[in-house]
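A short write-up of the structure that comes next.
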Number of protein chains: 2
Amino acid sequence: MSGYNVAIVGATGAVGARMIKMVEQTSLPVNSVKLLASSRSAGKQLQFNGKPLTVEETVPESFEGIDLALFSAGGSVSKKFAPEAVKRGAVVVDNTSAFRMDPKIPLVVPEVNPEALKAHHGIVANPNCSTIQMVVALEPIRKAFGLKRVIVSTYQAVSGAGNRALQELRDETQAYLDGKDMEAHILPVSGDKKHYPIAFNALPQIDVFEEDGYTHEEWKMIHETKKIMLNDMDSKDIKVTATCVRIPVPVAHSESIYFEVEDPKATVKDIQDVLAKAPGIVLQDDPDHQIYPQAHNAEGSRDTFVGRIRPDQETPQAFQMWDVSDNMLKGAAWNSVQIAETMEKMGLLHMQ
Amino acid sequence: MSGYNVAIVGATGAVGARMIKMVEQTSLPVNSVKLLASSRSAGKQLQFNGKPLTVEETVPESFEGIDLALFSAGGSVSKKFAPEAVKRGAVVVDNTSAFRMDPKIPLVVPEVNPEALKAHHGIVANPNCSTIQMVVALEPIRKAFGLKRVIVSTYQAVSGAGNRALQELRDETQAYLDGKDMEAHILPVSGDKKHYPIAFNALPQIDVFEEDGYTHEEWKMIHETKKIMLNDMDSKDIKVTATCVRIPVPVAHSESIYFEVEDPKATVKDIQDVLAKAPGIVLQDDPDHQIYPQAHNAEGSRDTFVGRIRPDQETPQAFQMWDVSDNMLKGAAWNSVQIAETMEKMGLLHMQ
């Protein structure tokens, strides 16, 4: 049977599990799937399309004969092994931050900048989850009305920090309900010095702090948005700033997005009409019937849900909206597989 | 013994319980305390300073001999009984929205506009919780640097919707952990048509929707802020807009506040210095040591905690901060009792 030989690196992780599902459901012809992870996870049994598959340790030779390698095992793994995969003829779609800011490497959301894929040299970077769902909604607005400025505050799910963080949320939550002390060992950032409970709390730190007082997650939202929408991570054409906050939700990020457009005639109705027709977007915007996007409803969907679109009553050309998407699917596994599907349609993916 | 005769209306509610505590701890001399509620709650036994006290039904005659009446039993109760209390010589501090937008009634946060108390005619309105903690932090900034514009996104606690909503959060949370369906009967708004789970979710609706697509909570944040800071609920001197969101936190609201100042020379350090000295504020702003305000730590404190102050890197005179406070104390019970204490210091509170 003719089809692509696919490797999933980081198959035992929270995103890896979704990557397996997305490859099961992909429109790409798949000949074989190889599940890769660290030596610690090697030997584990997972399933692909109902059949057992053994996880193998990632080594350079793992990528012999691989056409498509999906990476989500941390930046250091990508830096070490993505070039090995490319050397052996694979296209790499990398879901870590390892290559995102490399100007030679496309950073792609298929609804926004598929053309950037043409310039790839083997590696395509998948943006950060919180960026993806924002630009999917902002790009149709930018195209129709121009975009001057974005101010976003996020309400991010715990799954973005991995399976251990999710277990920590469950453990802390049960401890709280039982009147016991909550123990934090992972969040807000597993590698940082201090850890705080996320259950019944809101943590205004995702990723480590930069010198300017922004977290690296906020930095990513600012500069990835510019690279994806304007092909320049430092572009001044759209002003972007962000506050990133973790809340006790397992899956699906929510975002409060304030934006200013160039077109002085743009109305809420115009923006709703544009978003209703935009790819990857589901408009849920009917306050009279209490219809608006919710994390609880977005889990498991590949779409980005947008609602609560309304004008700033005092600043012309300024609007607000509420944007929710499954951070593990559109924010990670689905966007990665969607990149591969888009590359195939553009003739950029090949069987060896 | 000489002291004030105090009535607490809505004593059995979530805020009422905190009002009892705040009156126990007040610097005001207290002669007697009367706990009032609906006929349904009459006869319940509560404690004041360790002694049992029976809850009585609120009737006009309840206020005979009362010097200070603290109301937190819903707008309709305030509209009915606050004038009865005033008629009998009491000063009313009302924690509902009944009188907040009446231009003749002062809307007061003691750190911000104590002078407004002088114009009272018996009733003083306590602002909405989410407004109070924001203006406590914005007022010192306005005084020092001028303030042009505010864009806020909130992360609000469930206790703001009362004790039944808190129980709903617990019940839904346990159901989720047990793999059962969550049942929603109260949130987002008990009187609205549809109800959604708050556990492990984020709900972008607090209070009912207005015709312009804003919720009434957002409307309150916009217009109360203008009334408190500028003495005009429709002032154009400061632009304010808001997105209000409920998250699964029991107590303490968090707020992501974006603001633009008039002074082109204001720096983060300047703003930190001003806030560090401001009344009612605790500055928690040390990213290097992961020090920032958290709901989990603010519960039980009367202070407002502010941190993560940083400049918008692309817009001059624009900054962001993270503002957290106990919505039941500074946002409700403490601000009410603080108003009474302030009135006493100003000679505006009298024993009959």
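Backbone N, Cα and C define each Cβ position, glycine as well.
All TrEMBL annotations are machine predictions without curation.
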Among A:N327, A:N335 - the residue TrEMBL places in the same NADP(+) site as A:T12, A:G13, A:A14, A:V15, A:R40, A:S41, A:S159, A:G160: A:N327
Sparsest Cβ surroundings (other CB atoms within 10 Å) among the recorded positions A:A14, A:C129: A:A14
Neighbourhood of A:R100 (phosphate binding site) by C-beta distance under 8 A, where only residues 6 or more apart in the same chain count: A:L107, A:A125, A:P127, A:N128, A:K220, A:E224, A:K227
Mean of pLDDT values spanning the domain 'Semialdehyde dehydrogenase NAD-binding' (A:5-120): 97
Position of peak Cβ density within 10 Å, selected from the binding-site residues A:T12, A:Q156, A:S159, A:N327: A:N327
Sparsest-packed among the recorded positions, when each Cβ's other Cβ atoms within 10 Å are tallied, from A:R246, A:H253: A:R246
Candidate nearest A:C129 (active site, acyl-thioester intermediate) in space, where candidates are the binding-site residues A:T12, A:Q156, A:S159, A:R246, A:N327 and distance is Cα-Cα: A:N327
Three-state composition of the domain 'Semialdehyde dehydrogenase NAD-binding' (A:5-120), taking helix and strand from DSSP: 35 helix, 32 strand, 49 coil
